[in-house]
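First up is the structure itself, then whatever we jot down about it.
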């Protein structure tokens, strides 16, 4: 009788313990509801830090201006702001920005159309990788400004020259980014895809590219940076009235006129466009890719 009671007690204890373990495992599967982030937290975490950094930078700039005390070498933030205001009131500011941004985005789209299939070819064909893989890596490390003189000699002073420099700067980065992404795809994914009939082009579209997205997006982000820098180098070196005045040409005009306010105006606009493109396009795209793979939790 005592033995029966003991077995009953042990059985109940084991059942209770097992139920507790199952409840704990079930709790892990439950995703806590993510409410809307309070504005105060968003302001403190994301808005306030860049504001404070900008204010600190302006203070350091103003102090340095007072120490240097030479307008030909450094101007104050107020002088640069007045130059920006004048360009806006004259209706030129948006023209400067659009001339460069339109060239940069169009050149980047061309680079995307060339770099993506090239990256897939290098990643999937061993002979092609052995043949041109090192060349792509070398081109990626080559300063884009080196392509401006030969591009001018080949194509002349026109927009085609600008796009050629952008392509030579951006295509290697996009292709190498995709190669890196494909190399990180687990072989199990590819085998599973082949088992389900996803071979050839279908396997590339439905298995390889989606799995390689994180590396590909990183390559796109770097490719845009190379596109933008290549364009600025081309506009600074190869200026011509028929090409219009972009941000690089504006920077060169300020240097020729020894106008430091115009020089800093161009620098700030170049910086602003780079940050805006990253915040509006590439950062949201990168967050979406990481979140869709469980690599980023929405706070």
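Using the three backbone atoms N, Cα and C, a Cβ is placed for every residue, glycine included.
The domain 'ABC transmembrane type-1' annotation in TrEMBL covers 97-281.
Sequence annotations record features per position, and here TrEMBL assigns transmembrane segment to 47-68 (among others).
The list of residues near the transmembrane segment (104-123) in space but at least 6 beyond its ends in sequence, with Cβ under 8 angstroms from a Cβ of it, reads 129, 132-133, 136, 162-163, 166-167, 170-179, 182-183, 204, 208-209, 216, 219-220, 223-224, 227-228, 230-231, 273. TrEMBL lists 104-123 (among others) with the feature transmembrane segment.
The feature transmembrane segment is assigned by TrEMBL to 135-155 (among others).
The transmembrane segment feature in TrEMBL is assigned to 161-179 (among others).
Taken from TrEMBL, the feature transmembrane segment covers 200-219 (among others).
What TrEMBL lists as transmembrane segment is 263-285 (among others).
Packing against the transmembrane segment (200-219) from elsewhere in the chain are residues 115, 119-120, 124, 173-178, 180-186, 189-190, 193-194, 282, 285-286, 289-290, 293, 295: each is 6 or more residues past its ends and has a CB under 8 Å from a CB in it.
Residues 103-104, 106-108, 110-112, 114-116, 118-120, 122-123, 129, 133, 136-137, 139-140, 144, 147-148, 151-152, 154-155, 212, 215-220, 222-227, 229-231, 233-235, 238, 243 of the same chain lie 6 or more positions beyond the ends of the transmembrane segment (161-179) yet place their CB under 8 Å from a CB of it. A Cβ distance under 8 Å defines the sequence-distant neighbours of the transmembrane segment (47-68), meaning residues of its chain 6+ beyond its ends; these are 74-77.
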